[in-house]
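Chemist: Have a look at this one.
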Amino acid sequence: MLDINLFRAEKGGNPDIIRESQRRRFADEKLVDEVIRLDEIWRQSRFQLDQLKTQFNKLNKQIRDKKIAKEDASELIAQSKELDAGIKKQEDEEKECKLAVDRAIVPIGNLVHDSVPIDDNEDNNEVVRKWGTERHEEKLYNHVDLVEMLGIADVEKGTGVAGNRGYYLKGAGVLLNQALINFGLAFLVKRGFTPLQTPFFMKQDVMAECAQLAQFDEELYKVSGEGEDKYLIATSEQPLCAYHRGDWMDAKSLPIKYAGYSTCFRKEAGSHGRDTLGIFRVHQFEKVEQFVLTSPLENASWEMHEEMLKNSEEFYQALELPYRVVAIVSGALNDAAAKKYDLEAWFPASKAYRELVSCSNCTDYQSRRLETRYGIKKMNDPQKQYTHLLNSTLTATERTLCCLLETHQTPDGVKVPACLQPLVGLDFIPFVKKKEPEKEKGKQKASPKVTKPDTPPKSKEQKSAAAPKAPAAAAQDGANGDAKAAASKGVEAASAPDS
């Protein structure tokens, strides 16, 4: 949530900045005016409460003085009781007014960073750069066929047991999936991240501090049983957010970098009819996540944002998966993100780029609600400061596996990337059954996140705001020579104007 003082012009805030951010999000500006109106009501209520408490304290002092002087204080005592009842009534009103303000602030998104491209159509996401060489052969199998031909997943039996989008991984599929997890965790540990395996479910009140309201309907599964209801996590970002809930973070300890690992669960209620075949879009999957807490000062979080994106790029370079980085348009940002990059990998059989990574800087939007504070507030500080929180996918393993299969297929099977071979124990997975390649079109409905390769990026002149240059991607992992192999693929940089 945003700082209430941003809505108060007399406190140094500027409501026009929030209105402009709402316009950039193509969201309702009137929400800002409603917060200002309710905040004024709350402050009046708070002032009245303070006045009553001041009168009450004065009256009690007079009662004490009369008792010391052994004078009759019965009339004052009666007034005190009446005033005390009025205070309790006013306290209830003040709490309701404060809750009304808090509820009104929640739907207002984070302030959109000036470098975010302004648009309401994700087809106009700005291409920042590309890496690798796309395969364009006609006779390629899509990932739906490949998992069956390799015998590494059983979707039919999974659906029979777990319902729609259910699946079993088996054989080399399990080995590949675990290899991606273990390689991802080791990859981040080398970059200063602390592995953290999170709970799979969260209490409702805590989840409400970490997730948007829409997610409760579209993504989250509720777990009912004895005691309070809980929610299964849709991403490890949610329990990672809550890990430092209510903490004061020592400035010297920042940044704190976590490599979150968990199984994730999503209803995919908003994806009905999309990617119904295979294991690309499923209800249960594994994920390795970057999650970082930084100082709110200077450009610490923005520098970290670029570093986290660079980590993800180097990971996919090590896997030898061609990709492009796009800056997400303002109208497609979730409420918490001030800016977001996606890394879209090339799926050669699908002939499309598909999202594998989302990398967001949420500044203090989440930490303010979670009370994850920065430093120790001193007497002369005008207000508390909050840490900045950032998150980025490293790998959602089932999706990465789909891309890996399409990219590294041969006429006889699939090559295992060099960086995964020591973990899988194989360098090649042969087909166990064959079938003729079929075009993915008609096999399954395309996801709106699919981006065709000939989609032209907007030029600098066409953008009202453009993404800043990110650090040049370079493969430096060094594990089993993966980085050297990946680096030879080269980087094709698209022009990215400075912020």
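Cβ coordinates are placed from backbone N, Cα and C, and glycine is handled just like the others.
Owing to the predicted nature of the structure, the values given are computational and were not obtained by experimental measurement.
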Chemist: Check TrEMBL for me: it has Arg266, Glu289, Asn391 binding L-serine, so pick out which one of Thr194, Thr235, Thr363 it puts in that same site.
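Modeler: Given Arg266, Glu289, Asn391 bind L-serine in TrEMBL, the matching entry from Thr194, Thr235, Thr363 is Thr235.
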Chemist: Ranked by the number of other Cβ atoms within 10 Å of their own Cβ, which of the binding-site residues Arg266, His283 ranks first?
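Modeler: Max Cβ neighbours within 10 Å, all protein chains included: Arg266.
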Chemist: Pop the Cα-Cα gap between His283 (ATP binding site) and Arg266 (L-serine binding site) into the table, whole Å please.
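Modeler: One finds 5 Å between the Cα atoms of these residues.
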Chemist: Which of the recorded positions Thr235, Asn391, Thr393 has its Cα nearest to the Cα of Phe285 (ATP binding site)?
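Modeler: Closest recorded candidate to Phe285 (ATP binding site) by Cα: Thr235.
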Chemist: Using a 10 Å cut-off, grab the number of neighbouring Cβ atoms around the Cβ of Ser358 (ATP binding site), all chains included.
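Modeler: The answer is 19 other Cβ atoms.
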Chemist: Give me the CA-CA distance between Ser358 (ATP binding site) and Thr393 (site 'Important for serine binding'), in Å, as a whole number.
Modeler: 6
